[in-house]
Amino acid sequence: MSIPEIITTETPWTSNYEAALKQLHADPEHGLSAAEAVRRLDLYGYNRIESGKKINPLMIMVNQFISPFMLLLAIAAGLSFFFQEWLDGIAIMAVIVINAVIGFFMEFQAERSMEALKKLTIVPARVLRDGRLSEIPSEELVSGDIIFIEGGDMVTADARVIKSTQLQTDESALTGESLPIEKNVSVLPEKTPLAERYNMLYKGTFVTNGNAYALVVQTGMHTELGTIASMVQKAGQAATPLEKKIRSFSKKLIWMTVILLVIIFIAGIINGQNLVQMMETSIALAVAAIPEGLPIVSTLALAFGMLRMARHNVLVKKLSSVETLGGTNVICTDKTGTLTQNKIEAAFIQINEGASRINLDIAGASIKWMDGNEIEDRAAYDQLCCIAALCNTATYYSEGGTEKESGDPMEVGLLKMVYCGHTKQLDYIKEYPKLDEVPFSSDTKVMATFHGSKQGYYIAAKGAVEELLHSCTSVLEGSEVVALDESKRNNWLNYAEQRAQSGLRMLAFAYRNTSEKESYFLHQLTLAGLIGFIDPPRPEVSQAIAECKSAGIKVVMITGDHPATAKNIALQLGLANQEDEVMHGNAMKPYAELTAEDKTKWLNTSVFARVSPAQKLDLVSLYQEKKMVVGMTGDGVNDAPALKKADIGIAMGQRGTQVAQEVADMVLKDDAFSSIVLAIKQGRTIFDNIRKFIIFLLSCNMSELFVIATAAILNLHFQLFPIQILYINLITDVLPALALGVTKAAPHIMERKPFSSSEPIIDRERWKALFVYSSVIAIATISAVFASHGLLHADEAWNTDLCNNILFYTLIFSQVLHVFNMYFERGVSFFKSEVFTNRYVWYAVFACTILALSAYWIPAIRDVLKITIHGWKDWSIIIVFAFLSLLINQLLKRLKVII
Ligand code: ATP
């Protein structure tokens, strides 16, 4: 086929779709060939929106220098140069550079992690290629492709509708119009505004109802979404509540530090200290004591946590969700696919004359009848197969021994059954071309299709048994159609109930032949029979549910399935007891009408069946009214409101519609319930870790403040030099804090109750511990100086430099060892704690020790820091007192004086 290099359709809504197809050399029956698709992809490029915001390392670097802390340091350096303290000046400049480099790497890493997370969301598209409908990454769509979309899908390119069935889209993302818009194949005037182009579909919008085939006319940056670049470059992530808490907390600390600094400064001046020296000390202390790095370290911990979760199939879309996860105390989960394996297989057939379990042999394309193969010869069974093949939007075929499938797993299960039968799906489709459809919705719980046939028309319908029975007036018995009276109706309901009790998911099938074309056709149907599907529970779920129980998290099953099926699965998973009642959707009043008694009943129920999406929303409202933090799973387009309202909306990566995935806070790539529990555990761990490094950083900083304040107020003859303070912080603030940020979960983390969002990061108990830790370190440090003098140099005059050095090193080592105090679970032994067993903590301790000693080993640094220790005895004092501080703090922990 010779086609021009670049094919465009400027105004595809102005001509009929045949013209558009012709213009783009597209074939509505077969789609593009694979080779032609590749050629066009080379020509047009990938179908993606290039985000305008790229990580700019230079800007990140420049930003490091524009902070009040850097300014303070610059002033300190300036002062040093002014008073010709060259070495100090240069050293402070070095500190500025090192700080900036560390800050740069942390921020760069955080940005990169966020970018990596964004890339994890790839939306698939269903496209007709080489005559087959298959699923490809939407990035590979090209102009001329024929796509198939249905309710819940995201439109992934601009496309002209060529065939539609009750298609409605939500274009609010593009036009701001929040009501669903009906789409069709009409021809429109050229000047039609975007919001009224009813024959066009636009990238980034959603299908809320129906389905359609459409011709891709523009991709990537050429789409409407691409051209409105500003819409795409969404604002950066807003600060999470935790980050906000940390920021306001840091502000409070600044004030506390400033007050202490003023006291130290005044005491120094009163005691006749050098003014410049005191100013420099104050600045160094301000820089050291104010935890300006906290927000970025916590962002980093959150981002790393998100990446770690992504490796475990959990995609968390917002940083703030990680925190909310930690506090989740009720999980509302659906059943199919989350608690069960979603390998839905037809396993049972009931027609009027009998019932049989069946086993599909895909390799041999045959059905094994376990109880009665005479069913195979019945008219009702033929009807079942015909309905299963026609009333279906999934695809299934076996090619060269490999199975290809897409669409709803239960519908795929039906197609597999058809595949194993006498007549193939394609033959049914040829005989009965589809003309219209009532798409499946979890509200109606039924689906129906309208087809042309040799005799006239044929209607195929399937759905939840009690729902479809409402539309049936007759039943196929043998080869006769007889009226479906009340007793027959009850019989069928009983058949379904009995099978559901054994865990089968039951679906009813009905049909009607008619001679006239009807627009409303879901009535006066003839029931053909029932098919039961098995969908066994996932093996790991029982354990995950038990874990939730011990973690104080309530698990509630909310399913659209039959109550008996729901109960059977709930019993198998330990989610409910035999005596527990299942609440039926019919028995659930609207939220506004609930009495206190109803509410209590709802709160005490753990299995809800035949629930509509609106009722899911009501349940979320009720839990939130009771101040619970709700995680809610959902997959359908109608679940979107409940997902949005829940504190954590959880969508399914495999089964979920793209709409659900878009509005959810978290996407489970493997659809598994146990991943939610894993994510909650991660959320708790991250919160714990953030707490750990905040406490660690603050207690280290406070211990410095205490040491300096004591020396200044008591007018001791030794003091830390400003440059030493900066050095201590370079060593102890960065690596141990980062290592704490990646600590594994504490041993009993899932046995604790969820933390409440109103709980402060540092509660009273932790403030007390913080104060005690810092005091112990400060006292041990100052005692080391006196011990060294008393034990080793009693008969010499006080050696100010030596005293200073002992102060310096004892403080460093005490702080480095202090990292091992950072576990807060009672009853956990020191050696088994998550910190002691964290190898990164050990790496950090090792690296810090080397860095600290290099100040002694490297002459240049030694000179700047004025290090002059000579004998091993003084070193021993330093080491003993550093360990002593750890020992005392451990003892106080053991005695439960502190946490
Ligand atoms: P869960 O909410 O746990 O995922 P579910 O899949 O049964 O359970 P829905 O998808 O809302 O929930 O389905 C509700 C009922 O509608 C099902 O139990 C089944 O009887 C019927 N049903 C489901 N899918 C289809 C379909 N594709 N066509 C016709 N009926 C369906």
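Just so it is clear, glycine is given a Cβ too, placed from its N, Cα and C backbone atoms.
Database features (TrEMBL):
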type	residues	note
DOMAIN	11-85	domain 'Cation-transporting P-type ATPase N-terminal'
TRANSMEM	58-83	transmembrane segment
TRANSMEM	89-108	transmembrane segment
TRANSMEM	253-271	transmembrane segment
TRANSMEM	283-307	transmembrane segment
TRANSMEM	693-714	transmembrane segment
TRANSMEM	726-746	transmembrane segment
TRANSMEM	767-786	transmembrane segment
TRANSMEM	806-824	transmembrane segment
TRANSMEM	840-859	transmembrane segment
TRANSMEM	875-892	transmembrane segment
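The stretch from 693-714, 767-786, 806-824, 875-892 with the most CB pairs below 8 A to the transmembrane segment (840-859) is 806-824. With a threshold of 8 Å between CB atoms, the same-chain residues lying at least 6 positions outside the transmembrane segment (693-714) that come near it are 246, 249, 253, 257, 260, 263-264, 267-268, 271, 273, 281, 285, 288-291, 293-294, 297-298, 301, 720, 725, 728-729, 732-733, 736-738, 740-741, 761-762, 766, 769-771, 773-775, 777-778, 781-782, 807, 811, 814-815, 818-819, 822. Averaged over the domain 'Cation-transporting P-type ATPase N-terminal' (11-85), the predicted model reaches a pLDDT of 84.
Taken through DSSP, the domain 'Cation-transporting P-type ATPase N-terminal' (11-85) splits into 42 helix, 1 strand, 32 coil. Using a Cβ-Cβ cut-off under 8 Å and counting only residues 6 or more beyond its ends in the same chain, the transmembrane segment (726-746) has close neighbours at 73, 91-92, 95, 98-99, 102, 284, 287-288, 293, 297, 300-301, 304, 681-682, 684-685, 688-690, 692-693, 696-697, 700-701, 704, 720, 808, 811-812, 815-816, 819, 822-825, 828, 833-835, 837-838, 840-841, 843-845, 847-848, 851-852, 855, 865. For the transmembrane segment (806-824), the list of distant contacts is 688, 691-693, 695-696, 699-700, 703-704, 707, 711, 718-720, 724, 728, 731-732, 736, 739-740, 746, 766, 769, 773, 777, 780-782, 784-785, 788, 830, 833-836, 841, 844-845, 848-849, 852, 865, 867, 869, 874-875, 877-879, 881-883, 885-886, 889-890, 893, 899: same-chain residues at least six beyond its ends, Cβ to Cβ under 8 Å.
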